[in-house]
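For reference, Swiss-Prot has these:
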| type | residues | note |
| --- | --- | --- |
| DOMAIN | 1-54 | domain 'ClpX-type ZB' |
| BINDING | Cys13, Cys16, Cys35, Cys38 | Zn(2+) binding site |
| BINDING | Pro119, Thr120, Gly121, Ser122, Gly123, Lys124, Thr125, Phe126 | ATP binding site |
Amino acid sequence: MAGNRTNDVTVHCSFCGKNQDEVKKIIAGNGVFICNECVELSQEIIREELAEEVLADLSEVPKPKELLAILDSYVIGQDRAKRALAVAVYNHYKRISFTESQDDQDVDLQKSNILMIGPTGSGKTFLAQTLAKSLNVPFAIADATALTEAGYVGEDVENILLKLIQAADYNVERAERGIIYVDEIDKIAKKGENVSITRDVSGEGVQQALLKIIEGTVASVPPQGGRKHPQQEMIQIDTKNILFIVGGAFDGIEDIVKQRLGEKIIGFGQNNKKIDDQSSYMQEIISEDIQKFGLIPEFIGRLPVLAALEQLTVDDLVKILTEPKNALVKQYQTLLSYDGVELEFDQEALQAIAQKAIERKTGARGLRSIIEETMLDLMFEIPSQEDVTCVRITKKAVEGTDKPILETAS
């Protein structure tokens, strides 16, 4: 074979001693030779060592109180949801650590995937991202509305796994301990409780396809994404230890809860349980309500941990703007500091930003765009105005009826 002989001299692998006739390939280096078998062996050793490093990391998972403290430093409000997530994530990685360190297990511990229900902008995606970052595990986000069942135009569910593998730099062992967040899961609910005679391409069929990878299976993933074809090489990944967090707004589910609790939406009825505000209905959601909304029982059964998030108030949004480690106000203050300019927000300005986000029904995710709108002209002009030392954002500036106040050195 080409490259195995040097001027008809017998070449031996410097590591195992085999000659070129005993192996498929020998690669020449600077005074050394290595055969294909030793290359494969070294790759296997590296893979095993990396897998052991992953397992060692899992044995040091922060306890629920420690995870909650991490979430508290980045996420405002949603205390009940954060507690539920902290416990579920700790139990998940504790299960992996102990199961894989002990060969003989009397009890088969099932994993506890998570369903998050809450309005747009309430922090579902950010909570999942923060957990993955704090644990230093691969993380991927998928949009359920882009998925279709096999045989239809759209994205196969296996492509979700490819995103996780890519996040792990194609280290499959590390990806197998990662976290996947599937957003907009409510958008693939069945259209009503009665099964249609037509194919529900983006509904029950997608739930069934997701169910397989969520509950745990060895999946074949196309390394370049897209649809599978017979000649394509596949990446094999075991999903039994991947934590799946799915989330959605589930608009209208509070009405299902009201009906179950005996409170009529129209007319009169006897209240079996008095609930004071809409956000409290979210804390009363049970699997029966989710099934009535349109998720199939088998799918719900693989998501035993329910974390309900509440609508954020003006006060919550103001705290989000100012208090977390990576608060938006701190980010923009840092940006302007690079130009030697201080940035201040009046309290009324912060409240006006929060109020706009609520009116637009964008929640926390809409805060940045509102600040960008308010500060666009300012950030365009400031770099060219060397005499400006401080900028103050007022309520009128947020409302668009006046400009921010500039202070100069003179």
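Placement of Cβ uses the backbone N, Cα and C atoms for every residue, glycine included.
Keep in mind the model is a prediction, meaning the values are calculated, not measured.
For Cys16 (Zn(2+) binding site), the same-chain residues lying six or more positions away in sequence with a CB closer than 8 A to its CB are Cys35, Glu37, Cys38. Between the C-alpha atoms of Lys124 (ATP binding site) and Cys13 (Zn(2+) binding site), the distance comes to 55 Å. Within 8 Å of the centroid of the Cβ atoms of Cys13, Cys16, Cys35, Cys38, where the record puts Zn(2+), the same chain has further Cβ atoms from Ser14, Phe15, Gly17, Lys18, Val23, Ile26, Phe33, Ile34, Asn36, Glu37, Val39. Here Ser122 (ATP binding site) comes close to Gln78, Leu309, Glu310, Gln311, Leu312, Gly363, Ala364: these same-chain residues lie at least six apart in sequence, with C-beta atoms under 8 angstroms from its C-beta. Candidate binding-site residues: Cys13, Cys35, Cys38. Fewest other C-beta atoms within 10 angstroms, Cys38. For the domain 'ClpX-type ZB' (1-54), the model's average pLDDT works out to 76. The ATP site is set by Pro119, Thr120, Gly121, Ser122, Gly123, Lys124, Thr125, Phe126; from the centre of their CB atoms, other residues of the chain with a CB within 8 Å are Gly118, Gly247, Leu309, Gly363, Ala364, Arg365. Rounded to a whole number, the C-alpha distance linking Gly123 (ATP binding site) with Cys13 (Zn(2+) binding site) is 57 angstrom.
By the criterion of other Cβ atoms within 10 Å of the residue's own Cβ, the least surrounded of the binding-site residues Gly121, Gly123 is Gly121. With respect to their backbone Cα atoms, Pro119 (ATP binding site) and Cys13 (Zn(2+) binding site) stand 63 Å from each other. Counting in whole angstrom, Phe126 (ATP binding site) lies 52 from Cys13 (Zn(2+) binding site) by their C-alpha atoms. The Cβ of Thr120 (ATP binding site) lies under 8 Å from the Cβ of Ala249, Lys361, Thr362, Gly363, Arg365, each of which sits 6+ residues away along the same chain.
Non-local contacts of Thr125 (ATP binding site) by the CB criterion (under 8 A, 6+ apart in sequence, same chain) comprise Ile141, Tyr181, Asp183, Gly247. Across the binding-site residues listed here (Pro119, Lys124, Phe126), the residue whose Cβ sits among the most other Cβ atoms within 10 Å is Lys124.
Across the structure, Gly121 (ATP binding site) and Cys13 (Zn(2+) binding site) are spaced 60 Å apart at their Cα atoms.
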